[in-house]
Amino acid sequence: GPGPAGADTVSAPAQGGGSAVIDMENMDDTSGSSFEDMGEMHQRMKEEEEEEAEGEAGAGEEEDGEFLGMKGLRGQLGRQVADQMWQVGKRQASRAFSLYANIDILRPYFDVEPVQVRARLLESMIPVKMINFPQKIAGELYGPLMLVFTLVAILLHGMKTSDTIIREGTLMGTAIGTCFGYWLGVSSFMYFLAYLCNAQITMVQMLSLLGYGLFGHCITLLVTYNIHFHSLFYIFWLVVGGLSTLRMVAVLVSRTVGHTQRLILCGTLAALHMLFLLYLHFAYHKVVEGILDTLEGPNMPPFQRVARDIPVVSNAVLNTTAKAVALTL
């Protein structure tokens with residue numbers, strides 16, 4: 001029993017020693033091979049470091065290229081946006097100044113039959129009686145525009161038939177400026193006043209209402225420019241001009257709520273409309289003559305020096321003054 005155990009005990013270290021010797025030999029072999037492997041690993045690490053350095057340099061160059069590419073892309077996008085904005089602005093400008101586009105916009109305001117225009121001219125002289133509900137206003141501008149041009153022609157006719165001397169120029173511009181200035185200016189002012197007074201009316205309706213209201217002015221001026229009687233003018237001014245003004249006032253009253261608002265709006269319109277007719281009959285010619293005198297100068301001979309006799313009193317005053325000055329010196 002103990003013998004084998006001891007043998008086992010002795011043999012075990014022997015086996016262990018043998019194994020140790022074998023391991024040492026193996027370790028010596030592996031140590032040499034590991035040394036070579038370390039050299040190779042060191043070489044590989046150097047190569048990897050060089051490759052990483054080259055890779056970083058290449059990445060940096062790629063990043064720079066990408067950055068430059070982004071800058072170039074942004075520049076291209078900026079140019080494209082600028083070109084697109086230019087094209088859009090050019091298209092809008094051409095649309096705004098294109099005659100055909102404007103015709104399509106204005107066509108509904110001038111699409112009217114001559115029979116309708118004649119009926120509206122007659123209605124402009126008949127005041128409405130029903131003011132409890134809003135009266136209808138024609139939303140077209142053909143009739144008012146033609147009435148404004150007719151008023152321009154009547155003013156030119158009145159200037160030619162009167163004693164006004166036309167010198168080096170035409171009165172067309174003055175007449176057009178006066179008539180269109182009144183029509184557009186008073187319509188804009190009344191529309192603003194109607195907005196403040198809470199009247200239910202649009203700008204186109206105001207232009208149409210005031211334009212048709214000029215029909216009475218055209219009749220009055222056409223008659224009184226050919227028949228020069230002040231009494232006849234006052235009759236036409238009260239009857240014809242008054243009827244057209246009452247028509248506009250009645251329409252505005254039907255579209256305005258509140259007594260104060262009605263009084264302000266209708267009183268202003270009636271005063272402006274009737275005073276404009278008085279201005280065209282009495283003061284327009286004189287104003288135009290004054291404008292012509294200002295722009296062209298009156299027809300007067302050139303300035304000449306004329307010898308004048310000095311009175312005796314003036315001689316005595318001059319002599320006394322001269323003596324006083326001599327004594328002072």
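Each Cβ is built from the backbone N, Cα and C atoms, and glycine gets one as well.
All TrEMBL annotations are machine predictions without curation.
Since this is a predicted model, take the numbers as computed values, not measurements.
Record features (TrEMBL):
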- 1-67: region 'Disordered' (REGION)
- 48-66: compositional bias 'Acidic residues' (COMPBIAS)
- 141-159: transmembrane segment (TRANSMEM)
- 171-197: transmembrane segment (TRANSMEM)
- 209-228: transmembrane segment (TRANSMEM)
- 234-254: transmembrane segment (TRANSMEM)
- 263-284: transmembrane segment (TRANSMEM)
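Against the transmembrane segment (171-197), stretch 141-159 shows more Cβ pairs under 8 Å than any other of 141-159, 209-228, 234-254, 263-284. Outside the transmembrane segment (141-159), and at least 6 residues removed from its termini, the chain residues within Cβ reach (under 8 Å) are 106, 109-110, 112, 117, 120-121, 166, 171-172, 175-176, 178-180, 183, 204, 207-208, 210-212, 214-215, 217-218, 221-222, 225, 280, 284-285, 288.
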